[in-house]
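Undergrad: Mind having a look at this structure? Questions to follow.
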Amino acid sequence: MSKIVKRKEKKANDELTSLAEKIRAKALENQKKLIEAEKEGGSESDSEEDATAEKKKVLKSKSKSTVSTQNENTNEDESFESFSELNLVPELIQACKNLNYSKPTPIQSKAIPPALEGHDIIGLAQTGSGKTAAFAIPILNRLWHDQEPYYACILAPTRELAQQIKETFDSLGSLMGVRSTCIVGGMNMMDQARDLMRKPHIIIATPGRLMDHLENTKGFSLRKLKFLVMDEADRLLDMEFGPVLDRILKIIPTQERTTYLFSATMTSKIDKLQRASLTNPVKCAVSNKYQTVDTLVQTLMVVPGGLKNTYLIYLLNEFIGKTMIIFTRTKANAERLSGLCNLLEFSATALHGDLNQNQRMGALDLFKAGKRSILVATDVAARGLDIPSVDIVVNYDIPVDSKSYIHRVGRTARAGRSGKSISLVSQYDLELILRIEEVLGKKLPKESVDKNIILTLRDSVDKANGEVVMEMNRRNKEKIARGKGRRGRMMTRENMDMGER
């Protein structure tokens, strides 16, 4: 009997191996066609030179931006050709050159001048527009003259975004001796307390963990804070950080404090927050409605029932060699699809809320370093993360609200680069897609599909998916068993303690 089982397992493994080989062969064929087409000049090059040329082309077209608020900036087309025009300290100008910041983006052109003058700022801009540097540059420029500890505090909704903001400050402040620290949940509080006692200039934090340290870390306070930044403020409020923000705002000083509020969208909650925390702010907006950048090509793929996994593998094969983020609605789907991709020899890693901080940063590092070409993620990755050169975004699950769609597809076509998004649409997603198209103000074109390849892949992909689901179920059972074992040991110890009493 065991021999029969082994033969069946061997046959299944052979079939999966055969599928992977077929996919690799098809991928090599696609790559060969692409190379030949490039030689003939018939297709766009994905080389770094072409990306740079595309970027320059986009930057040459003036961005139509608006500024309207309590303090009006009436020059709607104001722009700068270089950061030296902003009258920054030489060390900061050189850091911008080192980072290949060729010229200020529209939001930077709008926000940095009034920020340098000392105004509070409300910055509204679409994702990928350079919001982080828009508030980091004026803070660092002022810090060069003051050099005080606990000088600025930046609040971010997620641990990943906080870490990326820290990286931006460290890079821009590399020639200025800037000390920064990242204070987020999921990490050791004692280690963070020691970092705070070293009196960094810049603190980047999630609201909950910052409040923990303000209440419990001896010797730490923000009484002399000069700058407060709330980045992705709409997300902060969506994640119900409102009560914590209120407590933080009551603790930190209001006099001699400059406050910046940056967000992708303006809502009634944001308006309430800015009235509570900002004084006569300048509102700098380069986008006052949900929209996507012109360099993003958005399409959809109509998927028959039960074939979504097959269509996904079809896409991975068609776009082999491209960097891709696949968005799912659930953590379980993120794990399952990551496993499916890897089983079929597409290098993938998962990012979702069940991972601890080290696991999440590890997944991001693998993807950013190019060691994994596919990131399968829930919406935890959709906001604020600066992941360079993402070629394609795939919506495996359609988001339930249009705002989430905008933020997801905003992971590609950043900073003037071109990019593509593809949404897999089943019959149950039609209403969601109609809402998204209404917000975008256009119909999304359909992606073409080779039905013969779909039919060829179907059985093998279903079988591979079954293998992944079985493995996930096995791991879950082991996890539950370990949990019961621990609870059993704890109950035994409690019974022994009761016996002693």
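Yeah, the Cβs are placed from backbone N, Cα and C, and that goes for glycine too.
The feature phosphoserine is assigned by Swiss-Prot to S43, S45, S47, with similarity to another entry given as support. According to Swiss-Prot, the feature motif 'Q motif' maps to 81-109. Residues or ranges marked as domain 'Helicase ATP-binding' by Swiss-Prot on the basis of sequence analysis: 112-284. For A125, Q126, T127, G128, S129, G130, K131, T132, the entry in Swiss-Prot reads ATP binding site. Residues or ranges marked as motif 'DEAD box' by Swiss-Prot on the basis of a curator's inference: 231-234. The annotation domain 'Helicase C-terminal' is assigned in Swiss-Prot to 307-461 on the grounds of sequence analysis.
Could you place these features in context, so I can see how deep they sit and what lies close by?
TA: Proximity of distant same-chain residues to the motif 'Q motif' (81-109), defined by a Cβ-Cβ separation under 8 Å and at least 6 residues beyond the stretch ends, is recorded for 59, 63, 65, 116, 123, 125, 129-131, 133-134, 137, 140-141, 144, 171-176, 284, 286, 415.
Here the Cβ of A125 (ATP binding site) has 25 other Cβ atoms within 10 Å, regardless of which shown protein chain they belong to.
If you average pLDDT over the motif 'DEAD box' (231-234) in this model, you get 88.
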Undergrad: Within its own chain, what residues at least 6 apart in sequence put their Cβ under 8 Å from the Cβ of G130 (ATP binding site), listed in sequence order?
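TA: In sequence order, the residues whose Cβ lies under 8 Å from that of G130 (ATP binding site) (at least 6 apart) are P104, T105, I107, Q108, A415.
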Undergrad: Count the residues of the motif 'Q motif' (81-109) that DSSP assigns to helix (H, G, I), to strand (E, B) and to coil, and report the three numbers in that order.
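TA: Residue counts in helix, strand and coil order: 17 helix, 0 strand, 12 coil.
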Undergrad: Could you tally the C-beta atoms, other than its own, that fall within 10 angstroms of the C-beta of T132 (ATP binding site)?
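TA: If we count other Cβ atoms within 10 Å of T132 (ATP binding site), we arrive at 23.
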Undergrad: CB neighbours of K131 (ATP binding site) within 10 A?
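TA: Looking across every protein chain shown, the total is 26.
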